[in-house]
């Protein structure tokens, strides 16, 4: 895998001409998914300029779904690479920082003039900072395993999906564009704050790794019902999911604090026991 994207070394002199080695498709497939997501984010900007607001929103939503697929696909195929991680972050910044902010600007934030543009810049910069912090934390060897099941701050795809709540409300018939520009602006600033905050958000990386046998059929039924509702009432369901996600953030924080206390107690326990002298000493 080290030969897939070798470092740039201009001073290196090769004794003989390097040969092109065949690359397994499993190393390329995750990056192809990432590029597809990037194309969707860029297409969303074109669609909103053409007045196709719903299509632009759907493009960003599909890009967010693909963002959740590429990493898992890379781990499943054992095709993870530093190049893939960096490409994924750049794609996320374009899709969930630039494209999402631009769609919201065209939708309603332009009514706020310069203040609306400042909000767009704030959202984009918040996404960039959040992604940069994520890249740094990937290489942290001292991070406990239990913390890997939580994001530090709201992840970029979730930030984009929640930031587009005003769009969902507009699509289901509420006059957000006509009367809600100031409230939309404040809401976007709130989402930008959540992305750069240190609020622990449950990642769900271990969710569903083991499913009890008696719960398999109910899960199948639940998936069918949710999928049917999403197809029949897409924006109503998206609005409901966003509200539920925001409402459950305090539970995520509480769970994180509980695990943090348990981890601290587990470290302190052996240390205290080691300091207690044995009987008769």
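Every residue gets a Cβ built from N, Cα and C, even glycine.
Bear in mind that TrEMBL entries carry predicted annotations, made automatically and left uncurated.
Check TrEMBL against the ranges 57-75, 114-132 and you find transmembrane segment recorded for 114-132. Confidence for the domain 'CDP-alcohol phosphatidyltransferase C-terminal' (216-250), expressed as mean pLDDT, is 93.
Under DSSP, the residues of the domain 'CDP-alcohol phosphatidyltransferase C-terminal' (216-250) split into helix, strand and coil as follows: 34 helix, 0 strand, 1 coil. Contact between the transmembrane segment (179-196) and the transmembrane segment (152-173) is present: at least three CB pairs lie under 8 Å, with pairs separated by 6 or more positions in sequence.
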